Every structure is written in C-alpha cells, then in structure tokens.
Ligand SMILES: [Zn+2]
C-alpha cells in the first residue's frame, strides 16, 4: 500500500523486496538500492539487511570519490583552458581587435556556444558597441554595431551587472531583435556576463545558442572565471594601443624635428665653397682666444682641426680612407645648429673646448690612440649639445622630462644622446670608415668623455689619477689610466676660459654670469631663493666666487694635467695669473672695473703669489687624505649602489671644504654651484647606448 507506483523495475514474480537508502553526509539521500527475490517466499532476514548496509557504506565512499574526481577533473580542465587563454592573449597583444577575436573564440569553446559577441562600453555616449562581430565567417568586412546601454540583453547586463542565462530569447522581453536583424542570425539561448576592470563594467560578453541544450549552471560558473581574464586582457590591450599611438606620434615629431635641426643644403654649400685653410697661425697656443674667431669661420676651424686629427689616424696606412669631408661638413654644421642661443653654453663654448683639447693633443707627448684622440675631440665639440643654459639641479627641481629620463648627470646624458642622434642622420656619420670595433669603442669613449664634464664626477676622477700620478705609476699602456686622463682632460678643456689671458677670461666670465643670473631670475620668479652666485643682486661677490672656483677646481685640475702632461703647464700659469687678479679684487673689495692697471697689480704680485704658495702647500696635504677617502667611498659605492648618491654627496662636500683653503664662505659658493650637480653620480652607467637605440 505504501508503494502505489510499484517497484523500480517491472517484474512479475517478485515475492520479497529489501530497499535500503544510500546516504551521503552532506547531500542526504543519494539513491536507493532495491533487492528482489522472485522464486522464494523467504523474506529477507535481519542479517541480510546488515550485510547489505555494511556493503553500502563502501559503495557510498566509492560514489563520493568518483564525484570528487569528476569535479576535480572539470576544474583542472578549466584551469588548463584558462592558462592557455591567458598565454595566448598576453603573448601577442598586437591590437585590441586581435584580443577581442581571441576572447570570443575561447569563450565559444568554453561553453560550447555557436556564436559569441563582445560589446564594449563607450562611457562618453553611454552606448555599447562592437566593431568585430562573430558572423561565423572569417574576414568579412564588418560595420560597427552600436546601441544604448539600457537596450537588449547586453544592455541589461551592462547597466545592472547581473548575469543573464536565457533559454528562449524571443520569449524574453529584454531581448533586442535589432542585432539579429542586422546580422541575419536567429538567436535561441543566451548567456551574458559583465566584464569588470577595477570594479567598473567595461563591457559584456554574450554567448549565443548553446550547441546542445541550454547553458547550464556549470557554464555560468566557468564563464565567470573566464570573464576576469577578459577584463585583464582588454585593459592591457587598451594600454598597449595607447602606447603604440603615442610612439607613432613621437616618431612623427622626431622626423619633423630632425629635418629642421639638420644643416640645410645651402648652409653646406657655403662652407663647401669656402677655401679650406692650409695653416692657421697660432692655433695651438694656449693663449689663443677661440671667442675672437668670427662666427662663420668657427666651422672652418673645426673642420681644419678635425681633418688634422683624422689624418693622424691614417698615418699607418696612407691609402686607407678614414674620413669623408662632406660628412664632416654636414656633421659640424648640424652640431652648430643644435647648440641653443644661450649666453654661455652655446656653439662658441663648444668651439673653445674643442680647440682646447686640440691644443692638448698637438702640444703634449701623449700616447692616446688615434681613435681616442678623435673621441676626445668630437666629445668636446658635442659635450654641451642642446644645453638650455640651466644646471642639472635646476632641471631636476623644475621637474624637466629630461630629469625624469636621466636621474644623474641629466644634461650630460642628453648631450651624448643628442650626439648619437646627429651621427645617425643621413650624411652625418663621420665615423663610417671606422671598423665596427673602432666604432663601438669611439662611441663608448665619447660617452665617457661627455659624462666626465659633469663636475660632480671630477672629484672622483681626480682622486684616481692623482693617486696613480703621485706614485709615479701612470702608464700609457694601461687603458684605465688613459681613460681617467681623458676624463680630466675633458674637465680642463671645459674650463679653458679660466686659464686664458685676463681680458678673454673676463669677457667669458661675464657671459657665464649672465647665464647664471638668468637662471636665478627664473628661480626668483618661481618664488625660490637662488644660490648667491646665481643672484644678480649679489654680483659684488664675484671675485670671491672666482677665487673659490680657481682654487677649488681649476687649479687642482690643471696641476694634475701638468703633472702627467708637462706641456700643459701654460694652463696652470694662466690660471695662477688670473687667480692673483681675482684675489687682489676680493681682498680689496673691488669690482672688476676697478682693477688697477697691469703695472699696479704686478707690484702686488709677490705678496699674492706667496699666499697662493701657502694655499697650494696646504692643498697638497689635504689632497692625499682626499684621495684616500675618495677611494674608500668609491669602493663603498661600488658595493652598495643605493648608497652611492649619499656617500658621493658627502665626499664632494668634504672635498670642497678641504681643498678650498682660504676663500671666504662666499668664495666656496662658486664651487657649490658649478658642481651643484655634485649629488649626481654615474649610477645608471651602461644603459645609454641601448636607451638611445630604443628611442
Ligand atoms: Zn661645457
């Protein structure tokens, strides 16, 4: 009577039945087992019941394990699938469209759907749109589909964030038939899911027509996980698109600019048709004034010197072609064009520094290789390319993009990069006849030389060379020795105005100050307090500043040069002569216009030079300590990159205080500013060539 539907199976002669439930701990009844007896009237005994129940406990366990195994396998399949999706999507994000195509293909496979579509949200117009539509056919040109974000199933999902699983689309009020009408396709079942990025909906994926039956709960679950990956991939693709667009914009800008930054054909022709000087009298004198060379003659002088240095390289093999005059003309003219019209760091300064190094190369008994001489000369010519008349510290303070690219030796890195850019212009590669090894070497040397013009690096370079030189261990065969001498030569030549005759020195100091004061003015206009030497209201302090600069940096540099290359002694003599005058002015609180006639200063010379002797003696003593300390600091810096900046800053501070023996505090300020970038050290050393290539 309790079983009106009878037994589980139809049988005629069933006499007795034993039915026992199969129970599971968390899901209750899993099933029922029925045991029948057809031909015996014996009923099942208590013992039969117990035996069956015991066996069923084992059956329960087996069933449970099978279920667990199946669900694990499903999860694993999903994981494998998602991993493959992620790999494939992220491996080649070529464009947004490719990513969308991939997402749709994978989504279809995942839930076994016939079609898939991905609608993105246009937040400006609050519309959903799809540029690529799954038509089932490949490479069919498609029109963009767009509709308001509250329309249709996709619209509902986009505006509510709710997942929709619809078994019969045409019976659902939310279904928008327009898309079917546009694509000519008949939609039956739909699974539609939102895609989020950082908590907001960026689009929806819609799966259409499950191939067998309708979309299940399991489809929904796996699809939910998949949607997270879609969000990430779309976000990346969007960023990538953005980057690619700005890269293209940058390339166009670069093309335009480099066209205008190159010398024109007319400019080239003018130089080409000017007779080339065979000999320039007095050009290798240390007292020669590059600033007095007429502006349009400077290029010819540069070419004259460059050709001479290139010819040194050809001496071993007369027939070997090492340079191309046309390239040299274009290179020189373009370099000239890429110096800005600032008071001091302009083409005239570049010319003077190139001339200074040419003088050193021509007058000393050095053993630099021809390629090294060439590197020195070209580095000097290019060492301040595109200088904006502002110090590194100013670039950092004013958050210039350059300071963001190069955190240390900001401008120097830029000068070098600009040099490489010019060399890469068509018809500008003056090094094209070098072997590839030499080419690599010369670029490396030029880089090192240009970076060495950052005064912050001077103290370290000087300490290294001083140590070698003091121990009489300088060896031309040691490439490290040669390179540190090249670095010191760069500083000596960069500061060449400081050893020029008094009137030339004065003329140059005026333009340097003009540039500094302009920076000071700009700082004042931004509400900042410039350093005293950048402040035109404090111009009376100039003699003190010059004394500090000469004693703190120039003379130690020139003396070291003269120690290794005795023929550079005129640098020391010139600087000492100027120092006497600045000291006289400083001690008597006079301005430059008040300097008595030469005769008057000469009478005071003895007294003044005694003071200098005093100070250089003291200098000698502190120098040793300096270099020891510097070495220690250097060793420390090598070990701990992160501490480099700090310890170098300290060492520079110490150097300043020790080597400037007497000058008043005001005097040492000049050293402060001219080596203001002293906080900066070469921490990002070797990436530069590649950096350049990347840009
Ligand atoms: Zn310079």
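Yeah, the Cβs are placed from backbone N, Cα and C, and that goes for glycine too.
The structure displayed is predicted, hence computed values, not measured ones.
Long-range Cβ proximity for residue 345 (active site, proton donor), meaning a same-chain Cβ under 8 A and a gap of 6 or more residues, is found for 339, 384, 387, 389, 515. Marked as active site, proton donor by TrEMBL: 345.
The Cβ of residue 494 (Zn(2+) 1 binding site) has 23 neighbouring Cβ atoms from other residues within 10 Å, across all protein chains displayed. In the three-state DSSP reading, residue 494 (Zn(2+) 1 binding site) counts as helix. Here TrEMBL flags 349, 383, 384, 494 as Zn(2+) 1 binding site.
In the structure as shown, the Cβ atom of residue 384 (Zn(2+) 1 binding site) sits within 10 Å of 26 other Cβ atoms. According to TrEMBL, the Zn(2+) 2 binding site annotation covers 384.
Residues or ranges marked as compositional bias 'Basic and acidic residues' in TrEMBL: 615-659 (among others).
What TrEMBL records for 683-695 (among others) is compositional bias 'Basic and acidic residues'.
Across all of the domain 'PDEase' (263-589), the predicted model scores a mean pLDDT of 93. The domain 'PDEase' annotation in TrEMBL covers 263-589.
Per TrEMBL, region 'Disordered' is recorded for 612-695.
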For the binding-site residues 349, 383, which one has its C-beta crowded by the most other C-beta atoms within 10 angstroms?
383
So which other residues, same chain and not among 349, 383, 384, 494, have a Cβ within 8 Å of the centroid of the Cβ atoms at the Zn(2+) 1 site?
345, 350, 353, 380, 387, 415, 453
Per DSSP, residue 384 (Zn(2+) 1 binding site) is which: helix, strand or coil?
coil
